[in-house]
Amino acid sequence: MASIRELHQQLVTKERSAVELAQEALDRIETLEPKLHSFLAVMGEQALTQAKAVDEKIAAGDEIGPLTGIPIAVKDNMCTPGVPTTCASKILQNFVPPYESTVTQKLKDAGAVIVGKTNLDEFAMGSSTENSAYQLTANPWDITRVPGGSSGGSAAAVAGSECPVSLGSDTGGSIRLPASFCGIVGLKPTYGLVSRYGLVAYASSLDQIGPFGRTVEDAAIVLEAIAGYDPKDSTSLNVKIPSYSHLLRPNLRSKGRLRIGIITETFGTGLDPEVDEAVKKAISHLQDLGAEIQTISCPNFRYGLPAYYIIAPSEASANLARYDGVKYGFRAEEGDNLLSMYEKTRAQGFGQEVKRRIMIGTYALSAGYYDAYYLKAQKVRTLIKKDFQKAFAAVDLLVSPTAPTTAFKAGEKTKDPISMYLSDLMTIPVNLAGLPGLSIPCGFDRQGLPIGLQLISDVLREDLLLQVAHTYEQTTSWHLKQPSL
Ligand code: GLN
């Protein structure tokens, strides 16, 4: 599938219309969905209406922005009025939001054409998209394997060329992990850069929306459209948004010497040797491009996972208290009084992993345990933040593998939650510190599965992150390889 820039050019020169682009995406979705199952809802009619409006604008001679007329998919935890927003949960099976999330509004304002809502782990809790109550999404590189999670549908849709770009959300790695498993670019922005208004809350102090694209430029263009201050989100940052896509430079030397730190703690036991090799090659490539490489120790990094699995479930247990069968979606049939209706609704409406998180979170927040678990985890969070602060006093960017392995087989880890949780070992600390992180393809293993390189910058340095990733991409060819479907 062509890049946003190429598609934009085709629209401007009237070589193709927005309706044709939307139809092409819809046709591709129709052909591939029986294999991939990336979408929970396809918005054919709305997409074609939106595209028609774009074509009228073009015909009237109006100037169009880079995203105008570009098909895009959105993870099904972002509210879209008139279209169900299920979070891949049975408890929200009939929920049609009466309001629009800020990100989808911004996409529409930019003229993007939303083609559908994508599959995810229920309430974004998971690393493989296997926790969806509705369907299993396949990895386009090997359909017996998972696409990663929780934004697996959005990643598979882009990797499988069902649409050029998509949105995901990342609480502990849910954009970067599926980007890595599916061989595409995925960016989790600085906490607060993109509004969370209308994003169904999982763990509010960690959640952040970001783009998937086949190239860094595509991701930059989408980020530019969705970032920015929103008075409807109290954690939204009031900062000026640079034109990320215009800042992309072809080389690393344009801004003086770039210092890159390798996070020592992300290499070692548990890391797949082929991932290790590919990531190290990518780092020497960055060195050849002119970066100064050093190793950096983040000693508290290894406590990220346990701290996260206290903080995220605690916040989730509070956020998910609202699903009681009264206000939203599903309600259990039987139940002779209010309490038993609540209990039956939640017992039948939530899946196993969501229940596990609610129980862990409720326990960690209960009187007597709060100090021992929640407070302790928050202190660990501060230590991790300090590790990063120290690191960014010495270097401009940090690198690590995105994930310890390549995509695993469907069913391989579902019985063992801890081994599933370990997939996010390298991405979680970035969320705990509120930093931006990006995953970019940096190779393939012997089975032909993509490997991802994670780049991390200091807060609000998405410009630098994207520039370096772009230079790496333009001097390598990993992003040009596509799965045969
Ligand atoms: N896999 C992690 C979890 O299950 C991260 C999920 C996410 O980023 N949404 O919580």
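Note that Cβ sites are derived from N, Cα and C of the backbone, with glycine treated the same way.
When secondary structure is read from DSSP and collapsed to three states, Lys75 (active site, charge relay system) falls in the strand class. Listed in sequence order, Lys117, Thr118, Leu120, Ala124, Ser151, Gly153, Ser154, Ser166, Leu167, Gly168, Ser169 are the same-chain residues at least 6 apart in sequence whose CB falls under 8 Å from the CB of Lys75 (active site, charge relay system). Per TrEMBL, active site, charge relay system is recorded for Lys75 (among others).
The active site, charge relay system annotation in TrEMBL covers Ser150 (among others). Secondary structure at Ser150 (active site, charge relay system), as computed by DSSP, is coil.
Taken from TrEMBL, the feature active site, acyl-ester intermediate applies to Ser174. Around Ser174 (active site, acyl-ester intermediate), taking its Cβ as the centre, 36 other Cβ atoms fall within 10 Å, counting all chains.
Positions annotated as domain 'Amidase' by TrEMBL: 20-466.
Counting every protein chain shown, the number of other Cβ atoms lying within 10 Å of the Cβ of Ser150 (active site, charge relay system) is 36.
Residues Ser150, Ser174, taken from the active-site residues Lys75, Ser150, Ser174, are distinguished by a CB atom under 6 angstroms from ligand 1.
When the Cα atoms are compared, Ser174 (active site, acyl-ester intermediate) and Ser150 (active site, charge relay system) turn out to be 5 Å apart.
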